[in-house]
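Asks: Could you have a look at this structure, given as structure tokens, before my questions?
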Amino acid sequence: MPAFSCAFPGCRRDLLVIVLVVFVGIGLPIEASAPAYQSHGTEGSHLTNITNTKKAFPVLAVNYEHVRKPFEIALWILLALLMKLGFHLIPRLSAVVPESCLLIVVGLLVGGLIKVIGEEPPVLDSQLFFLCLLPPIILDAGYFLPIRPFTENVGTILVFAVIGTLWNAFFMGGLLYALCQIESVGLSGVDLLACLLFGSIVSAVDPVAVLAVFEEIHINELVHILVFGESLLNDAVTVVLYNLFEEFSKVGTVTVLDVFLGVVCFFVVSLGGVLVGAIYGFLAAFTSRFTSHTRVIEPLFVFLYSYMAYLSSEMFHLSGIMALIACGVVMRPYVEANISHKSYTTIKYFLKMWSSVSETLIFIFLGVSTVAGPHAWNWTFVITTVILCLVSRVLGVIGLTFIINKFRIVKLTKKDQFIVAYGGLRGAIAFSLGYLLSNSHQMRNLFLTAIITVIFFTVFVQGMTIRPLVELLAVKKKKESKPSINEEIHTEFLDHLLTGVEGVCGHYGHYHWKEKLNRFNKTYVKRWLIAGENFKEPELIAFYRKMELKQAIMMVESGQLPSVLPSTISMQNIQPRAIPRVSKKREEEIRRILRANLQNNKQKMRSRSYSRHTLFDADEEDNVSEVRLRKTKMEMERRVSVMERRMSHYLTVPANRESPRPGVRRVRFESDNQVFSADSFPTVHFEQPSPPSTPDAVSLEEEEEEVPKRPSLKADIEGPRGNASDNHQGELDYQRLARCLSDPGPNKDKEDDDPFMSC
């Protein structure tokens, strides 16, 4: 032990020296020369020196090239998230400047910094944009697309998306071609097809820019779905026009057959994309039917099938955006019925996170690509392009709305038209399409410069001023509160009611076709795509059950669920009673009777269309009157049973019947005080309730269904007795006691020290 303690300081110094030597020699090669071995031979002897060189084991090494790409991607994402976080931490800034504007400014600063240090700034590559950054944004928009507003306004959306985009493309292309023919502009070499190609690139409204701005101003649902739906559905028109004019530019000549094939190509691209997306959506729904034992992989099927739908559409040169929208819309109701609540939460937040990161990166790369260049500036061409974008948008919206309002029930007001026209923002899709132009195109750099200028003008000027304009014009905002169960149930009820009205009138509108589609979906589609679907439950009851469960889950998650359980004493007084069930045979017989009585009237009403020259027969009028009388009688019986139940709830009986009754009982009302003597106090007789009847006791021979009455305690009050002179006073006493027994009891808001009756 002493020897060890003496030697310990020396060991510590040696260990320190070893550590210093290792850190000094990190990554440095250390050469060691081995001793020379000499070999002597009798014949041809020679001397050979063998020098062995070896490296020390590197404790710490740096190899940046090995992780360069993923490391830089992670740094870009981290930068985007930090900018997004800092933006929302400054409320004054976020209230004035849209998030997209700030991100573009950050991209400009980062691109300038990269260029200052002598590096080449990265450019938003079209393949990276279309295959990696755009799909999450479109999938998020399509999966959570509000179906009801979209379907109710799909006609208006298609008019703006198809006809409006065609108008913008040809209007801008034609006027720009006329501008280029002026010699002072210096662009006389630009032909018509090149101008039309540029017009098709700039004419489309960008969904990324629209989402970034309209989500912050909280505009009303109608205007939002019109602008956003147009930005989603105009992709097919943009793709067809871009490919068409690019191909015509290479060929040089255009025939009538080429124009006809271009029109056919539009329908193939749009409808083909929808078909591909719907197929993958049904596959995702069918796959989710068998994931009850492996819940952890449920979200992956949603993401993978959606991305495969997009890639398959792009592979066949179809509209990938429409494929993603169709896939999300088709799969959502079936997938959410099969997956667990945790998987639904995972899908929701992952899509929101993924789309938010992609949107942030797109705007930052727009700023960086602007610095990277190259640019070709022409003041006349660029300024004219910006002005024509505004003019064509305003004229197109006003002209199309004038025609659309003739067919709409809810008209688009002047304020709505202004917001729709002012909200036509351009974004990264236009830049990526311009970047796809070949380097040999003589106008490529000028087109890119004009496109970037239009994007900056729409995002900065229109995006920053649209919120003050909405406040100034007092445009209706979106309702933030979610509809209650009562509102949604009545909305569903009104849909069925309007379907019946359309059937009676003989006019088959969208409510009729919606009912047909829902019936087909419930009868055939859900049977194969939803696991354990209860088809025997009525649709309205199933909808109410679903909404009630959804609201209960929301209340539990928010911590607003009140305590509704009864007390322990009340629970002890509840006696469990076996509820008899109706047999299948008897239930089918009841259904047959109800169907025979209700369906006949429905068939009679639908058998003929409305005509003011046609009168109903007398027997049909008698049948209608008989049905009304039956319904009135059933309603009266229901009200009587409700009154009996309320009386039985508030009628009290003395606990000890054998206790001597006092000589005088005092009954005090709020209006007056009256004292009853023992002789004048009326007698109350009580009858025991009869035992409850079972469903087997229901007679099926009657055509109408009797409302079952709840057994209650009945009280029979004898009238006052006395001579003729006291009849009036006795009747008053009798009425007061009857009021006492039939009154529902004291108000809960009254104080406890003021009882209703005291004995």
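Using N, Cα and C of the backbone, Cβ positions are placed for all residues, glycine too.
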Asks: Compare the membrane side that Swiss-Prot records for ALA74 with the one it records for PRO299, and say whether they match.
Replies: no
Asks: Where does the N-linked glycosylation site label fall among ASN338, ASN521, ASN623, going by Swiss-Prot?
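Replies: Going through ASN338, ASN521, ASN623 one by one, Swiss-Prot flags ASN338 as N-linked glycosylation site.
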Asks: Out of ASN49, ASN378, which one does Swiss-Prot list as N-linked glycosylation site?
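Replies: Annotated as N-linked glycosylation site in Swiss-Prot: ASN49.
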Asks: With Swiss-Prot as the source, identify the stretch among 98-117, 538-557 annotated transmembrane segment.
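Replies: Residues 98-117 are the ones Swiss-Prot records as transmembrane segment.
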Asks: May I ask you to check whether the transmembrane segment (123-142) and the transmembrane segment (447-467) make contact, with contact taken as at least three Cβ pairs under 8 Å and only pairs 6 or more apart in sequence counted?
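Replies: Contact criterion not met.
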Asks: Looking only at the topological domain 'Extracellular' (170-195), what are its DSSP counts of helix, strand and coil residues?
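Replies: Reading the DSSP string over the topological domain 'Extracellular' (170-195) gives 18 helix, 0 strand, 8 coil.
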Asks: Where among the recorded positions ASN338, SER641 do you find the Cβ with the fewest other Cβ atoms within 10 Å?
Replies: SER641
Asks: Any chance the transmembrane segment (312-330) and the transmembrane segment (262-282) are in contact, meaning at least three CB pairs closer than 8 A with a sequence separation of 6+?
Replies: yes
Asks: Per the definition of 3+ C-beta pairs under 8 A with sequence separation of 6 or more, do the transmembrane segment (262-282) and the transmembrane segment (353-372) touch?
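Replies: Stretch pair does not touch.
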Asks: Could you pull out which residues elsewhere in the chain have a CB under 8 Å from any CB of the topological domain 'Cytoplasmic' (215-225), counting only those six or more residues past its ends?
Replies: 98-99, 146, 149-150, 153, 157, 410, 412, 416, 419-420, 423, 466-467, 470, 475-480
Asks: For the transmembrane segment (196-214), what are the same-chain contacts with Cβ under 8 Å, counting residues 6+ beyond its ends?
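Replies: Long-range Cβ neighbours of the transmembrane segment (196-214): 98-100, 134, 137-138, 141, 165, 168-174, 176-177, 224, 227-228, 230-232, 234-235, 237-238, 241-242, 245-246, 249, 321, 359, 362-363, 385, 389, 392, 423-430, 433-434, 443, 447, 450-451, 454-455, 458-459, 463, 466.
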Asks: State the non-local partners of the transmembrane segment (377-398) in its own chain: residues 6+ outside its ends, Cβ under 8 Å from one of its Cβ atoms.
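Replies: Tertiary neighbours of the transmembrane segment (377-398) are 160, 164, 167-168, 171-172, 175-176, 179-180, 185-187, 202-203, 417, 420-421, 424, 426, 446, 449-450, 453-454, 457-458.
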Asks: Which one of these stretches, 150-169, 226-244, 353-372, 447-467, has the most C-beta pairs shorter than 8 Å to the transmembrane segment (98-117)?
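Replies: The listed stretch sharing the most Cβ pairs with the transmembrane segment (98-117) is 353-372.
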Asks: Measure from the CA atom of SER641 (phosphoserine) to the CA atom of ASN338 (N-linked glycosylation site) and give the result in Å, rounded to a whole number.
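Replies: Approximately 42 Å lies between the Cα of ASN338 (N-linked glycosylation site) and that of SER641 (phosphoserine).
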